[in-house]
Amino acid sequence: MSVKKINLLDLDRKGLRALFSEMGEKPFRADQLMKWVYHFGVTDFEEMNNINKVLRTKLAAKCEIVAPEIASFQKSNDGTIKFAINVGQGQEVETVYIPEEDRATLCVSSQVGCALECTFCSTGQQGFNRNLTVSEIIGQVWRVSQFLGFHKDTGDRPISNVVMMGMGEPLLNLANVIPAMDIMLDDFGFSLSKRRVTLSTSGVVPALDKLGDAIDVALAVSIHAPNDELRDVLVPVNKKYPLQEFLAGIRRYLEKSNANRGRVTVEYVMLDHINDSTDQAHELAILMKDTPCKINLIPFNPYPGSPYGRSSNSRIDRFSKVLMEHGLTVIVRKTRGDDIDAACGQLAGDIRDRTKRLAKKQMQQNQISVTME
């Protein structure tokens, strides 16, 4: 029976240094290896010519460097690319590359599915299977970098920003998300600025406190409603961590963070005649008055079976103007990749749902149909 090899993509620099120490090697070997993997895209130990032959042989016997494969991809008319990433056992997660004039952002998944059941999000309706490993999270960045033209000779990289806004709730997978983000920030990893790595959360407050103690990255928060009554429906985790508790956690995070420059990004999906009235805009402004923030209004992106519609441009404009009258900074997000279901809230992947959510929903729909007949 062969011994399972250690995937070195599962280890941040601290973990790699511990591994090399166990092998009787100097800690700086971890720095050398990371530079080969993340700066030059090399996964074959034999190509690492500043590591001696004996150590290369030891590494090959005990370790491997394996990123998940791209199963397929689609390119939008606006240049956005959606990747289906094979994470094994017949399952796929989705990763989205969004090129712009001044940046190139990769939207990364943290879980196979999602347990939070936000009612406006396609991923939330697919159910949940498992957390992604460190290698499956950082491997999305590595694999897409290779696909886009990672230059081994110069070390030039095509990704300037990473957002943990793909499938899953990152704060429910902190044990793997934090080391993955460490690699993104590490000078020997992807060497991204802490202001260019963003984690988005729906509000798992105890984990948000742990995040603030462990790492400093930009924070985006999914609010989506100006009061608990509506947010309980749209974002069910609100029943456990209501808005005032969430906002207090956000303020605690901001006190620890330099990456956010003192304010958080508030994400607010615009649902037609659900959360987009001028009264609700006033209510949102009052809610956020003690929390330094900028508001990102997100036009809803419909998906098959969605119960909601997108707010009209005129309703979004009115909502935005009310917020600005209260002195808030407001950005209306430009929709990208919606023609290939790669926009915010549309990611689904291929999930074997351990929660049986889709099956339960179908059963409920069948029962309703029988009753109506």
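Residue numbering: from 1, along the chain as shown.
Cβ coordinates come from backbone N, Cα and C, glycine included.
Sequence annotations record features per position, and here Swiss-Prot assigns active site, proton acceptor to Glu94. Swiss-Prot lists Cys344 with the feature active site, S-methylcysteine intermediate, giving sequence analysis as the kind of evidence. Annotated [4Fe-4S] cluster binding site per Swiss-Prot: Cys114, Cys118, Cys121, in sequence order, evidence recorded as sequence analysis. Positions annotated as S-adenosyl-L-methionine binding site by Swiss-Prot, on the basis of sequence analysis: Gly168, Glu169, Ser200, Ser222, Ile223, His224, Asn301. Swiss-Prot lists Cys107-Cys344 with the feature disulfide bond. Residues annotated as domain 'Radical SAM core' in Swiss-Prot: 100-339.
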Secondary structure at the residue listed as 'active site, proton acceptor', reduced by DSSP to three states: strand
Arithmetic mean of per-residue pLDDT over the domain 'Radical SAM core' (100-339): 93
Spatially closest candidate among Glu94, Cys114, Cys118, the listed recorded positions, to Asn301 (S-adenosyl-L-methionine binding site) (Cα to Cα): Cys118
From Cys107, Cys114, Ser222, Ile223, His224, the recorded positions whose CA lies within 10 Å of that of Glu94 (active site, proton acceptor): Cys107
Number of other Cβ atoms within 10 Å of the Cβ of Cys118 ([4Fe-4S] cluster binding site) across all protein chains: 23
S-adenosyl-L-methionine site span - longest C-alpha distance across Gly168, Glu169, Ser200, Ser222, Ile223, His224, Asn301, in Å: 19
Between Ile223 (S-adenosyl-L-methionine binding site) and Cys118 ([4Fe-4S] cluster binding site), the C-alpha gap once rounded to whole angstrom: 11
Binding-site residues listed as Ser222, Ile223, least Cβ neighbours within 10 Å: Ser222
Gly168 (S-adenosyl-L-methionine binding site): nearby recorded positions from Cys107, Cys114, Cys118, Cα cut-off 10 Å: Cys114
